[in-house]
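Notes follow the structure.
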Amino acid sequence: MITLEQVTKIYQAANGSVTAVDNVSLEIREGEIFGIIGYSGAGKSTLIRLLNGLEKPTSGRVVVAGRDMTRVKGRELRKARQEIGMIFQHFNLLWSRTVRENIAFPLEIAGVPKEERNKRVDELIELVGLSGREDAYPSQLSGGQKQRVGIARALANNPKVLLCDEATSALDPQTTDAILDLLVDINKRLGLTIVLITHEMHVIRKICDRVAVMESGRIVEQGEVLHVFRNPQQPITKRFVKQLIEPEETEEAISHLFGQYPSGLIAQLTFVGAAAGKPLITEVVRQFAVDVNILQGKISQTHQGAYGVLFVHLDGARDEIDRALDYIQRQQVAVEVIHDAR
């Protein structure tokens with residue numbers, strides 16, 4: 001569906017050149033929700049502008065839905081952009097138009113007849129859950145409702161791809177989850193390919209099938225979301241994952257417990273997928289002469305399955321603890337020893 005081949009984008013500035021996207025190659029499959037995550041300045045927004053043809057790469061190829069976006073011009077470029085919907089962080093609605101009129105706007109530009117246009121707008125209003133609000137103006141809507149209008153407008157021309165540029169960054173957590181649920185529903189109903197730009201790992205965890213991590217204009221890591229959560233390779237990826245599963249207050253709380261356990265060890269157990277549903281602690285206590293104390297834990301659901309972290313204290317003879325840890329690892333659970341007082 002989307003292919004980037006050795007794409008580079010260099011901007012010329014007064015004090016020299018700036019490489020915003022640096023030799024990026026990427027494959028995004030048809031019908032998947034693909035996340036691109038990175039901190040500010042990583043090159044994410046430039047990358048999304050390359051996908052919709054608002055920017056041309058300095059070198060490399062960008063192919064979207066069979067069209068080489070580096071070569072198309074004029075009418076063909078306008079046609080290509082109609083097949084690429086986009087939603088924004090700050091909604092970009094026309095404040096003098098109602099919900100209905102905002103959604104109809106791209107259809108007017110495309111020259112769709114009025115009767116067909118009205119029918120399509122009605123379908124979209126129902127799809128995004130705005131029935132009863134079609135005659136309201138943007139100033140009368142909540143942030144979540146404004147973004148629903150933005151999503152409906154982006155879908156007006158039946159695009160093959162939906163680009164989301166920090167689409168939930170301006171929303172509160174509850175509204176963010178509602179918008180993410182809507183995107184998942186649209187993906188399932190329409191088979192739409194969604195590319196999502198964000199700096200929030202929560203967004204990636206909740207709805208994405210695969211993820212690419214950007215830093216300094218480069219893709220430094222990519223893969224299925226559960227795999228990246230289970231085995232992050234790059235320091236930046238580890239920071240993103242750690243922020244989600246082990247916030248600073250958790251780390252401080254665990255470190256304060258070290259003095260309370262003068263023997264045994266404290267370990268972090270990471271469960272992914274099917275392993276998160278197994279009665280692991282029960283089996284460890286049954287099979288080995290160790291005492292297990294659960295200090296803290298959390299299980300989250302990703303778009304692909306469960307992901308959990310458990311902090312435990314194990315006490316007993318050294319060889320029994322070692323055997324227990326070996327057993328845990330053989331159950332496809334990652335083990336990291338946080339504190340060893342044996």
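The backbone N, Cα and C atoms fix where each Cβ goes, glycine too.
What you see is a predicted model, and the numbers here were worked out from it, not measured in a lab.
Annotated in Swiss-Prot:
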type    : residues                                               : note
BINDING : GLY38, TYR39, SER40, GLY41, ALA42, GLY43, LYS44, SER45 : ATP binding site
DOMAIN  : 2-241                                                  : domain 'ABC transporter'
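Features recorded in Swiss-Prot, as mapped to the structure shown.
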| residue | record | Cβ neighbours (10 Å) |
| --- | --- | --- |
| GLY38 | ATP binding site | 24 |
| TYR39 | ATP binding site | 13 |
| SER40 | ATP binding site | 7 |
| GLY41 | ATP binding site | 14 |
| ALA42 | ATP binding site | 24 |
| GLY43 | ATP binding site | 22 |
| LYS44 | ATP binding site | 23 |
| SER45 | ATP binding site | 18 |
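DSSP gives ALA42 (ATP binding site) a coil state; it is part of no helix or strand. A Cβ within 8 Å of the Cβ centre of GLY38, TYR39, SER40, GLY41, ALA42, GLY43, LYS44, SER45, the residues given for ATP, is found for these other residues of the same chain: HIS199, MET214.
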